[in-house]
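J.: First, the structure itself, so that you have it in front of you.
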Amino acid sequence: MALERTFSMIKPDATRRNLTGAITKMLEDAGLRVIASRRVWMSRREAEGFYAVHKDRPFFGELVEFMSSAPTIVQVLEGENAIARNREVMGATNPANAAEGTIRKVHALSIGENSVHGSDAPETAAQEIKYWFSDTEIVG
């Protein structure tokens with residue numbers, strides 16, 4: 001099976017609580033390798049652009065506010081079936097429904113402050129990676 005790349009983000013609720021290392025370790029322990037990583041404090045404009053797919057949803061304003069409230073860690077992960085593997089280790093969006101041992105079950109505070117984001121398909125992974133990284137910043 002070929003290696004796959006995906007986008008991952010450690011959200012403000014987790015960076016505020018100094019969970020970057022713990023979450024990255026969980027990703028690496030699941031067989032994912034960090035091949036690009038950067039700490040960013042999103043502007044409102046960057047958050048609106050990144051989450052543009054949700055612009056007509058009722059939670060959009062709150063999402064933008066939250067994502068621009070503190071630093072995030074944006075990452076490119078690589079591994080076998082990286083998209084599915086990342087989503088599995090993240091757990092369900094609602095931490096109450098997340099499986100034991102997943103990032104969201106262990107670290108999330110709520111459905112809104114759920115610690116991590118991960119791409120859901122190859123197309124979104126490519127778009128999300130390109131939003132934050134140039135090709136020269138990704139070192140496999």
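Quick reminder: no glycine exception, Cβ is built from N, Cα and C everywhere.
According to Swiss-Prot, the protein carries these features:
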- His117: active site, pros-phosphohistidine intermediate (ACT_SITE)
- Lys11, Phe59, Arg87, Thr93, Arg104, Asn114: ATP binding site (BINDING)
J.: Count the other Cβ atoms sitting within 10 Å of the Cβ of Lys11 (ATP binding site), across every protein chain shown.
T.: 24
J.: Which of the three DSSP-derived classes (helix, strand, coil) applies to Lys11 (ATP binding site)?
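T.: The three-state answer is coil.
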J.: Check each residue in the chain of Phe59 (ATP binding site) that is at least six apart in sequence and keep those whose C-beta is under 8 Å from its C-beta; list them in sequence order.
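T.: Spatial neighbours, sequence-distant, of Phe59 (ATP binding site): Gly112.
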J.: On the Cα atoms of Lys11, Phe59, Arg87, Thr93, Arg104, Asn114, which are listed as binding ATP, what is the maximum pairwise distance in Å?
T.: 22
J.: By a simple count of other Cβ atoms within 10 Å, which of Thr93, Asn114, the binding-site residues in the record, is least packed?
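T.: Sparsest of the binding-site residues Thr93, Asn114 by Cβ contacts within 10 Å: Thr93.
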J.: Counting only residues 6+ away in sequence within the same chain, which have a CB under 8 Å from the CB of Arg87 (ATP binding site)?
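T.: Looking at Cβ-Cβ distances below 8 Å from Arg87 (ATP binding site), excluding near sequence neighbours, one finds Gly118, Asp120.
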J.: How big is the Cα-to-Cα gap, in Å, between Arg104 (ATP binding site) and His117 (active site, pros-phosphohistidine intermediate)?
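T.: Arg104 (ATP binding site) to His117 (active site, pros-phosphohistidine intermediate), Cα-Cα distance: 10 Å.
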J.: Taking just the CA atoms, what is the gap between Thr93 (ATP binding site) and His117 (active site, pros-phosphohistidine intermediate) in Å?
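T.: Here the two Cα atoms lie 9 Å apart.
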J.: Could you state the whole-number distance in Å separating the C-alpha atoms of Lys11 (ATP binding site) and His117 (active site, pros-phosphohistidine intermediate)?
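T.: Counting only the Cα atoms, the answer is 7 Å.
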J.: Which residues, sitting 6 or more apart from His117 (active site, pros-phosphohistidine intermediate) on the same chain, put a CB under 8 Å from its CB?
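T.: Phe7, Ser8, Met9, Lys11 - these are the non-local Cβ neighbours of His117 (active site, pros-phosphohistidine intermediate), listed in sequence order.
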